[in-house]
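Presented below is the structure to which this report refers.
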């Protein structure tokens with residue numbers, strides 16, 4: 001019956017590796033009740049070659065959790081030793097269970113060191129796995145060396161050797177404390193190595209990030225230089241366009257000035273021709289003479305109707321507007337002024353040729 005209890009159980013069929021199953025197994029590795037089954041699953045995955053570059057960190061985390069289980073096993077061992085006097089057989093069975101777990105851990109490390117798996121881990125991860133494997137082997141060796149004398153002593157021990165047991169107990173406790181201190185020291189050393197590895201990884205990441213930033217800065221600098229050159233070219237083209245516009249404006253003004261000059265000359269010629277025509281028009285000269293004679297005897301001026309009534313007796317087919325237009329054309333001879341106040345205002349024409 002005892003042999004059947006100590007016999008390792010037949011391994012159940014192991015599920016295939018998935019990220020979800022790996023997360024569940026990682027949680028089971030942290031619990032004593034599910035550790036054995038979880039380790040068997042991890043061993044099977046490693047032996048199958050499920051570890052790859054993509055999930056190497058996940059396997060490393062599970063191996064790290066498995067290694068952390070060593071300390072829990074040592075604590076259990078210490079507890080079993082304290083209960084040795086009361087339940088030797090129970091303690092022996094549990095020790096067998098611990099050694100079985102050590103064997104599984106050893107198998108795990110052996111499976112992790114297979115070349116098809118080993119190449120996927122980083123240098124720092126390999127170093128930690130080798131260290132954990134070595135420590136596990138040493139701890140297992142210490143446990144085996146300590147178990148052999150214990151079994152021999154159990155066979156030779158009698159119920160009456162209580163005094164010798166009491167004498168050995170302090171020494172065993174001291175050895176247990178030394179083992180605990182050694183284990184703590186090893187754990188601290190492993191943590192320090194892990195921290196160093198993490199620092200190296202952070203340094204590499206920072207270096208890569210700085211290099212990426214430098215590349216981006218150089219690209220932005222080149223882009224800025226190109227934009228500055230484009231701006232200078234645009235300003236130069238703008239200045240050239242402005243100069244062209246000024247030249248066109250100057251040419252346009254010159255053309256306008258020439259056009260105005262030609263127009264003025266044309267107007268002057270027309271005016272001169274008109275004046276000559278006016279001077280040579282006999283009918284206008286006759287009317288000017290008649291009107292001048294009439295206004296000369298009226299020094300205070302005369303209205304347009306009065307002038308028209310006089311001139312129409314001498315020259316027929318005339319309208320008051322014709323006489324007014326004629327007098328308006330010669331302002332140096334005839335001048336129109338206003339006389340009266342308010343409603344009595346009257347427009348009169350005066351002869352103005354003799355006035356300076």
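Just so you know, glycine gets a Cβ as well, placed from its N, Cα and C.
Keep in mind that this is a model prediction, so the values were computed, not measured.
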Here TrEMBL annotates region 'Disordered', and of 113-142, 203-232, 233-262, 263-292 the range meant is 233-262
According to TrEMBL, region 'Disordered' applies to one of these ranges: 79-112, 147-180. Which one is it? 147-180
Range annotated as coiled coil - as stated in TrEMBL, picked from 35-62, 63-90: 63-90
For a three-state summary based on DSSP, what are the helix, strand and coil counts in the domain 'Ecto-NOX disulfide-thiol exchanger 1/2' (177-258)? 82 helix, 0 strand, 0 coil
The predicted model's mean pLDDT over the domain 'Ecto-NOX disulfide-thiol exchanger 1/2' (177-258) is 79
